[in-house]
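Take a look at the structure set out below.
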Amino acid sequence: YQMAKSDAASLRNDYTSRTENDVIDQKDVAQDVPAILALEDAAAIPKGTIDPVYEAKARVLNHAIQDIGMGWYQWQLFIVVGFGWVNDNMWPIVTSLILTPITNEFLPSRPPLLSLAQNIGLLAGAMFWGFGCDIFGRKWGFNLTLGITAVFGMIAAGSPNFAAIGTFAALWSFGVGGNLPVDSSVFLEFLPGSHQYLLTVLSVDWAFAQVVATLVAWPLLGNLTCQEGVVCHRSANMGWRYFVIAMGGISLLEFFIRFALFTVYESPKYLMGKGRDEDAVRIVHEVAKRNGKTSDLTIEDLQACDPLGQGTQNTSAAALKRNLEKVNLTHVRAVFQGRKLAFSTSMIMAIWGLIGLGFPLYNAFLPYIQATRGHQFGDGSTYITYRNSLIIAVLGVPGALLGGVLVEIPRFGRKGSLALSTILTGVFLYASTTAKTSDALLGWNCAYNFFANIMYAVLYAYTPEIFPTKDRGTGNALTASTNRIFGIMAPIIAMFANLETAAPVYTSGALFIAAGLMAIVLPFEPQGKASL
């Protein structure tokens with residue numbers, strides 16, 4: 001044990017010193033990493049971890065999933081996990097689309113409070129479901145997040161006043177906020193390492209959600225909504241109520257498919273953490289069977305990780321402790337270790353924060369801007385507004401697909417794609433203020449959404465690649481939290497801005513351009529290289 005531990009430490013120290021100035025080449029990884037992992041496996045887990053037995057068993061399960069490979073179960077999971085990406089974008093779009101008709105009907109003194117309620121719900125949901133899935137399991141959270149979203153979304157249609165719709169927006173967002181933390185955990189824990197790129201491909205679902213939302217909004221909000229400048233009664237403004245019912249119905253259908261038509265297995269690592277090793281082994285074999293394969297994993301393989309018979313710490317408190325360990329100061333310090341990594345982490349957090357502020361600040365008031373500008377151009381009807389929103393949304397889908405191509409261009413890669421798409425997103429926002437006709441405004445907004453979807457596709461891929469594997473969860477948590485917190489700031493700023501001017505557009509454009517310039521100086525380019 002001590003010899004293996006010493007050899008592993010020596011080899012890793014040498015390996016780390018060669019990565020001090022850059023991410024190491026692929027050929028070096030192929031040569032050194034297996035040796036390091038083999039020695040570290042022989043040395044078990046270094047002293048000082050919360051639960052070394054849990055960590056050792058987790059490695060065994062990871063190897064078993066990799067041996068099974070990508071099969072029918074994972075491809076089915078890929079489809080139903082995509083529902084989480086759909087809802088993550090669809091419901092914030094819903095909030096932005098119903099803002100104008102709700103404002104016309106309820107005449108609130110501060111309309112952006114609706115967006116504020118939504119973002120508070122998203123932050124609370126991300127925190128609750130992210131930590132909770134390690135306590136009560138991934139399976140329940142995987143299904144309940146969609147169920148909660150669907151129920152409160154449909155109930156919101158009966159809101160009698162602005163306070164009620166704000167409350168229900170926070171409640172449905174509580175479900176929405178848990179989609180990505182839970183769904184990504186479920187997907188990755190059944191996904192072999194050779195196919196983890198599929199997490200990036202899921203961004204297509206995120207773009208597709210905007211198309212679905214605006215496609216449904218076109219006939220409902222376009223024909224059953226009060227026009228600007230008239231006394232608005234509930235009977236003449238039922239479009240937004242039918243709209244949230246329709247969106248809730250989509251989420252309810254997705255919930256039914258997940259719950260009734262697809263058997264999602266509990267995560268083997270979660271079961272093992274609860275001391276249910278037999279169930280963990282059984283699930284691995286069930287997945288292998290569904291894929292038409294067999295697995296060599298046995299209960300003895302897991303028991304071998306616990307030669308002293310101490311057992312895994314399997315209480316809920318221990319599970320919570322393990323989860324909190326991912327974001328404790330040790331791991332936080334690790335993503336800021338050394339000037340280069342500290343600079344990289346700080347910059348990517350700042351980029352996520354600026355985008356988290358700029359995107360909702362602009363997107364939440366896009367229908368308002370279109371309607372008021374369209375009115376000046378002589379075609380400001382609600383029908384035209386949402387027809388244009390649909391056209392804009394459709395342009396986002398090829399943008400997301402193009403992002404996956406751009407990141408593989410030699411000497412351009414992730415950094416070039418991220419910087420260019422983010423700067424152009426801001427540039428086209430500024431360009432939209434120069435529109436003299438309705439068609440020109442539509443064209444600028446189409447270009448904005450196209451490049452914004454490239455930006456998000458690249459950002460979702462680049463962020464986890466720059467963090468070491470052992471600290472990747474903490475790095476992702478820091479960037480996601482920064483994004484949500486700045487998202488809460490957006491409606492607060494909007495409440496004190498003059499929405500009858502282009503102020504939200506100018507502010508958002510500046511934030512995107514600043515984020516793009518920051519991307520240029522990011523120190524790491526993961527293209528063609530492997531991160532530790």
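For all residues, glycine too, the Cβ spot is worked out from N, Cα and C.
Taken from TrEMBL, the feature domain 'Major facilitator superfamily (MFS) profile' covers 77-527.
Per TrEMBL, transmembrane segment is recorded for 113-131 (among others). Packing against the transmembrane segment (113-131) from elsewhere in the chain are residues 91-92, 95-96, 99, 102, 141, 145, 162, 165-167, 169-178, 180-182, 320, 323-324, 360, 364, 477, 480-481, 484-485, 487-488, 490-492, 494-495: each is 6 or more residues past its ends and has a CB under 8 Å from a CB in it.
Sequence annotations record features per position, and here TrEMBL assigns transmembrane segment to 197-220 (among others). The list of residues near the transmembrane segment (197-220) in space but at least 6 beyond its ends in sequence, with Cβ under 8 angstroms from a Cβ of it, reads 78, 81-83, 85-90, 93-94, 97, 184, 187-188, 191, 239-240, 242-243, 246-247, 250, 383, 386-387, 389-390, 392-394, 396-397, 399-401, 403-404, 449, 453, 456-457, 460-461.
Sequence-distant contacts of the transmembrane segment (240-265) (same chain, at least 6 residues past either end, Cβ-Cβ under 8 Å): 76-77, 80, 83, 86-87, 90-91, 94, 97-98, 101-102, 139, 142-143, 146-147, 149-154, 156-158, 172, 186, 190, 212-213, 216-217, 220-221, 224-225, 283, 286-287. According to TrEMBL, the transmembrane segment annotation covers 240-265 (among others).
Here TrEMBL flags 347-369 (among others) as transmembrane segment.
According to TrEMBL, the transmembrane segment annotation covers 389-409 (among others). If you look at the transmembrane segment (389-409), the same-chain residues 6 or more away from its ends with a CB under 8 A from one of its CBs are 97, 200-201, 203-204, 206-208, 210-211, 213-215, 217-218, 366-367, 370, 416-417, 421, 442, 445-458, 461-462, 527.
Away from its own ends, the transmembrane segment (416-435) comes close to residues 351, 355, 358, 362, 373, 403, 406-407, 409, 441, 443-445, 447-448, 451-452, 454-455, 458-459, 462, 502, 505-506, 508-517, 519-520, 522 of its chain (Cβ-Cβ under 8 Å, at least six residues beyond either end). The annotation transmembrane segment is assigned in TrEMBL to 416-435 (among others).
The annotation transmembrane segment is assigned in TrEMBL to 441-462 (among others). Long-range contacts of the transmembrane segment (441-462) within its own chain (CB-CB distance under 8 A, at least 6 residues past either end) are made by residues 197, 199-200, 203, 206-207, 210, 348, 351-352, 355, 359, 366, 370, 373-374, 377, 388, 391-393, 395-404, 406-407, 414-415, 417-418, 421-422, 424-425, 428-429, 431-432, 434-435, 526.
Under the heading transmembrane segment, TrEMBL lists 483-499 (among others).
The transmembrane segment annotation in TrEMBL covers 505-524 (among others).
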